[in-house]
Amino acid sequence: MEANHQRNDLGLVALTMLAQYHNISLNPEEIKHKFDLDGNGLSLTSWLLAAKSLALKAKHIKKEISRLHLVNLPALVWQDNGKHFLLVKVDTDNNRYLTYNLEQDAPQILSQDEFEACYQGQLILVTSRASVVGQLAKFDFTWFIPAVIKYRKIFLETLIVSIFLQIFALITPLFFQVVMDKVLVHRGFSTLNIITVALAIVIIFEIVLSGLRTYVFSHSTSRIDVELGAKLFRHLLSLPISYFENRRVGDTVARVRELDQIRNFLTGQALTSVLDLLFSFIFFAVMWYYSPKLTLVILGSLPCYILWSIFISPILRRRLDEKFARSADNQAFLVESVTAINMIKAMAVAPQMTDTWDKQLASYVSSSFRVTVLATIGQQGVQLIQKTVMVINLWLGAHLVISGDLSIGQLIAFNMLSGQVIAPVIRLAQLWQDFQQVGISVTRLGDVLNSPTEQYQGKLSLPEIQGDIAFKNIRFRYKPDAPTILNNVNLEIKKGEVIGIVGRSGSGKSTLTKLLQRFYIPENGQVLIDGHDLALADPNWLRRQIGVVLQDNVLLNRSIRENIALSEPGMSMERVIYAAKLAGAHDFISELREGYNTIVGEQGAGLSGGQRQRIAIARALVNNPKILIFDEATSALDYESEHIIMQNMQKICQGRTVILIAHRLSTVKNADRIIVMEKGEIVEQGKHHELLQNSNGLYSYLHQLQLN
């Protein structure tokens with residue numbers, strides 16, 4: 001019975017965690033009620049049915065350990081003894097397995113032997129509909145195949161032009177052969193004139209067609225580049241907030257800039273060289289007709305080029321990886337330094353920052369130099385093979401001419417044809433560094449484009465928000481191995497109610513509002529607005545109806561009017577002014593020289609802190625949200641600015657649900673109800689005077705500290 005109970009707990013915990021990973025919220029008690037009918041725990045069948053009810057695609061498979069790196073992770077390792085665990089990542093290089101121990105509620109790294117000892121060969125693969133679509137649209141080199149198919153007509157035209165170019169390339173050596181073997185021997189001036197005119201016509205057509213091919217090809221690849229750039233930016237803005245919190249700004253910027261490498265590769269000569277290489281088989285047939293021996297020399301050189309590239313490529317890729325990492329470090333440090341310039345100057349730490357920059361820059365230059373040296377060695381190796389083949393062909397060709405097996409004209413024609421074959425090979429070999437760089441660029445961009453966006457279980461047509469809020473049995477932490485931030489939080493807020501939330505730093509106040517904005521999905525429990533589970537709601541629909549004012553608000557480098565009307569650029573001036581008056585910002589805006597057309601500067605640098613905050617409040621109010629969140633919105637203001645805002649607070653709160661998070665208790669003392677949080681739990685709630693009556697309570701303690 002105990003084993004069944006344990007299996008029941010672990011199966012349910014696993015389903016909860018996997019659903020959370022796919023941005024789907026669930027109520028464990030409801031799942032247990034529906035699918036654990038006999039009370040003996042979730043069987044394999046009932047587990048799969050429960051997953052299906054959550055719009056998850058779950059499949060039970062048997063997989064050998066050697067093939068685990070091929071499956072989509074995370075997955076549930078199903079154990080007959082009920083001791084299930086999650087398989088998160090397979091490190092094939094070091095033969096290690098990152099798992100999540102559901103019994104200990106902690107991540108665990110297992111060696112090959114440890115994993116083999118506990119793995120019974122059964123997996124449950126879990127994906128959501130959204131993630132299945134994401135896998136089908138996974139960004140790698142195959143992403144360009146649909147783009148090529150889309151522009152197949154243009155690429156077909158390019159292919160036809162390439163065929164004509166190769167025909168002209170085939171004709172030219174034949175003209176030279178005729179001149180050497182016929183015209184010079186028989187002194188045929190009339191034939192020479194005809195061949196010269198014909199050759200001139202061929203050259204003109206070749207130049208025109210070559211330019212046309214480059215133009216058409218560049219035009220189509222530029223359109224692919226535009227599509228990729230647009231998709232990248234849209235996807236970037238659709239990523240969850242956790243993606244940006246777990247990465248440095250400089251890293252993200254560096255990955256986006258990798259688009260330039262792909263652009264240069266697409267519009268360069270590499271792809272046209274591939275087309276030229278495809279026609280080499282025709283040239284080989286003609287060359288074989290001239291001299292099988294000389295053709296075998298050329299054919300024998302091709303494996304040399306391939307083997308040399310195979311030898312160089314892994315080393316080059318490792319060094320390019322290192323170069324990118326150093327470049328990303330520099331980018332991140334530069335962004336951090338520019339962002340923190342006020343602090344750097346205030347603390348006079350420019351020498352220390354410069355020293356760090358010099359070291360990082362030296363590291364980048366060193367890694368870049370190593371890439372250049374290796375690329376040069378690779379190119380010189382290609383040149384060595386080419387020159388060696390040329391010498392062998394010259395020696396062997398001369399012998400064939402002397403022995404009468406080959407004419408001088410045929411030897412010249414053969415060398416011209418071999419040049420047409422080898423030239424694209426050499427160009428591709430020399431462009432191999434670019435290809436390696438593009439491979440890394442695609443991988444880096446894939447980190448952005450393959451990251452799951454904010455998804456929701458279904459597109460429900462939810463009505464306009466009224467303002468009722470409920471947190472039910474909320475348990476949350478930011479990462480599986482991180483401490484619990486919210487634990488068993490239950491809170492109901494009626495529409496039109498003004499709620500104050502206070503507590504020590506790190507007590508979970510701001511996290512509660514982040515769950516309300518659906519920045520995160522709770523590990524357990526539900527967040528409801530007007531009775532609707534936010535896990536089912538479109539995040540954009542939700543956030544458009546919630547106004548948020550933070551302690552540090554960001555203004556864009558635009559006019560005041562554009563900042564206030566950011567969510568609706570075509571908004572009437574009357575609405576903008578009304579929101580500004582409500583936020584107490586209209587008077588100081590009117591005193592500015594350009595008024596509402598004043599450019600605020602980057603992040604609002606041209607305004608004072610109080611002015612920025614009031615514009616941020618106006619921006620939050622302009623859409624008349626039914627729910628308004630003030631997260632330490634007045635804590636950094638001077639008393640005069642705070643007084644102006646607090647004077648208008650009654651008008652601001654009218655007709656909407658308001659959540660005030662503050663350290664200053666004076667900000668929340670007039671709230672309809674005050675929630676006191678401590679270590680992720682609600683420890684007290686009531687009105688200001690009611691909470692003060694409990695002299696041993698946390699609120700009374702904080703109030704006494706502020707009075708003193």
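Placed from the backbone N, Cα and C atoms, the Cβ positions cover glycine too.
Annotated in Swiss-Prot:
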DOMAIN    1-126  domain 'Peptidase C39'
DOMAIN    155-437  domain 'ABC transmembrane type-1'
TRANSMEM  159-179  transmembrane segment
TRANSMEM  192-212  transmembrane segment
TRANSMEM  270-290  transmembrane segment
TRANSMEM  296-316  transmembrane segment
TRANSMEM  389-409  transmembrane segment
DOMAIN    469-704  domain 'ABC transporter'
BINDING   GLY503, ARG504, SER505, GLY506, SER507, GLY508, LYS509, SER510  ATP binding site
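Taking the features listed in Swiss-Prot, we show where each one sits on the structure.
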residue : record           : Cβ contacts under 8 Å, 6 or more apart
GLY503  : ATP binding site : LYS509, VAL676, MET677, GLU678, LEU698
ARG504  : ATP binding site : GLU678
SER505  : ATP binding site : none
GLY506  : ATP binding site : none
SER507  : ATP binding site : MET677, GLU678, LYS679, GLY680
GLY508  : ATP binding site : ILE485, LEU486, VAL489, MET677, LYS679, GLY680, GLU681
SER510  : ATP binding site : ASP631, GLU632, ILE661
Across the domain 'ABC transporter' (469-704), what does the mean pLDDT come to, as a whole number? 86
With the ATP site defined by GLY503, ARG504, SER505, GLY506, SER507, GLY508, LYS509, SER510, which remaining residues of that chain have Cβ atoms positioned within 8 Å of the Cβ centroid? THR511, MET677
For LYS509 (ATP binding site), just count the other CB atoms lying within 10 A of its CB, please. 23
Could you give me the DSSP helix, strand and coil counts for the domain 'Peptidase C39' (1-126)? 51 helix, 34 strand, 41 coil
Is the transmembrane segment (159-179) in contact with the transmembrane segment (296-316), using at least 3 Cβ pairs under 8 Å (sequence separation of 6 or more) as the test? no
Excluding the flanking five residues on each side, which residues at least 6 beyond the ends of the transmembrane segment (389-409) place their CB within less than 8 Å of a CB in that stretch? 176-182, 290-291, 293-294, 297-298, 301, 415, 418, 422
Tell me, by DSSP, whether GLY503 (ATP binding site) is helix, strand or coil? strand
Secondary structure at GLY508 (ATP binding site), reduced by DSSP to three states: coil
